[in-house]
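S.K.: For reference, the structure I am asking about is given below.
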Amino acid sequence: MIGPISQINISGGLSEKETSSLISNEELKNIITQLETDISDGSWFHKNYSRMDVEVMPALVIQANNKYPEMNLNLVTSPLDLSIEIKNVIENGVRSSRFIINMGEGGIHFSVIDYKHINGKTSLILFEPANFNSMGPAMLAIRTKTAIERYQLPDCHFSMVEMDIQRSSSECGIFSLALAKKLYIERDSLLKIHEDNIKGILSDGENPLPHDKLDPYLPVTFYKHTQGKKRLNEYLNTNPQGVGTVVNKKNETIVNRFDNNKSIVDGKELSVSVHKKRIAEYKTLLKV
């Protein structure tokens, strides 16, 4: 069985054996089989996987840190705990880190924060995979902002940005995990957004940066799992150089990739990519 999230210690590195022991191998196999069936029969869009992701996320974060030891990915189960976690990374001299943050108080929503320490200044940017018009993202953003302001971290600059790439109801956790990895892999491309955050150019600190203002800052690889074709086209209209960019080992462009993962749901073209990503992530936890 999967242990309660509050009982799983995700700080520090665990071995592959310890990671796998957080969840029954047999149960995990059954979950993966059901996820694959949901994609095959087309029921994936109308199912809610959020509670399952909340339970599995600690193991996924450990696995991510095992794969990328310098990513410094942290799972924060409530905004109330965020400031002390940030204080710890600053005091430990960590220059760059990521935080997957959960709503807490029984909530299911996730976002991801990218942290960078530049010339004695702290830059924190919350990346929301959906948009702030929905209750979950809005509440998590407010709680996060309040927690950071209450602690009064020295020379700390905080902004919230919306990616608006999520259309289904329960994929915020997998989106946040995928974005956390991209924030690490593409870290050299993100220097400008952090510099603009510190300068106060990125946002006024009160209102989130809308997706059309965010798009020029991010490489096309951040949009691999974009669920809506219209949203993907919006990004490519702003970043035409991304149209021909190869985004994976299959030599696919972002448009090729969308077409190869698209499904028609309620008359709309939607990508099933992030649901396949969940399966791939869950499979990394299986014992050989």
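All positions are counted from 1 along the displayed chain.
From the backbone N, Cα and C atoms, a Cβ is placed for every residue, glycine too.
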S.K.: Name the one residue among Arg150, Arg167, Arg257 that Swiss-Prot lists for the same 1D-myo-inositol hexakisphosphate site as Lys182, Leu183, Tyr184, Ile185, Lys224, His225.
M.R.: Arg257
S.K.: For Lys224, His225, listed as binding-site residues, tell me which one has the smallest number of other Cβ atoms within 10 Å.
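M.R.: With the binding-site residues Lys224, His225, fewest surrounding Cβ atoms within 10 Å: Lys224.
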S.K.: Least buried of the recorded positions Glu128, Glu269, going by other Cβ atoms within 10 Å?
M.R.: Glu269
S.K.: Going by Cα-Cα distance, pick out whichever of the recorded positions Cys172, Leu183, Ile185 is nearest to Gly267 (CoA binding site).
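M.R.: The answer is Cys172.
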S.K.: Between C-alpha atoms, which of these recorded positions comes nearest to Arg257 (1D-myo-inositol hexakisphosphate binding site): Glu128, Ser168, Cys172, Gly228, Lys230?
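M.R.: Ranked by Cα distance from Arg257 (1D-myo-inositol hexakisphosphate binding site), first place goes to Gly228.
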S.K.: Between Lys224 (1D-myo-inositol hexakisphosphate binding site) and His109 (active site), find the distance joining the two CA atoms and give it rounded to the nearest Å.
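M.R.: Computed Cα spacing between Lys224 (1D-myo-inositol hexakisphosphate binding site) and His109 (active site) is 21 Å.
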S.K.: Looking at the recorded positions Cys172, Leu183, Ile185, which one has the fewest other Cβ atoms within 10 Å of its own Cβ?
M.R.: Ile185
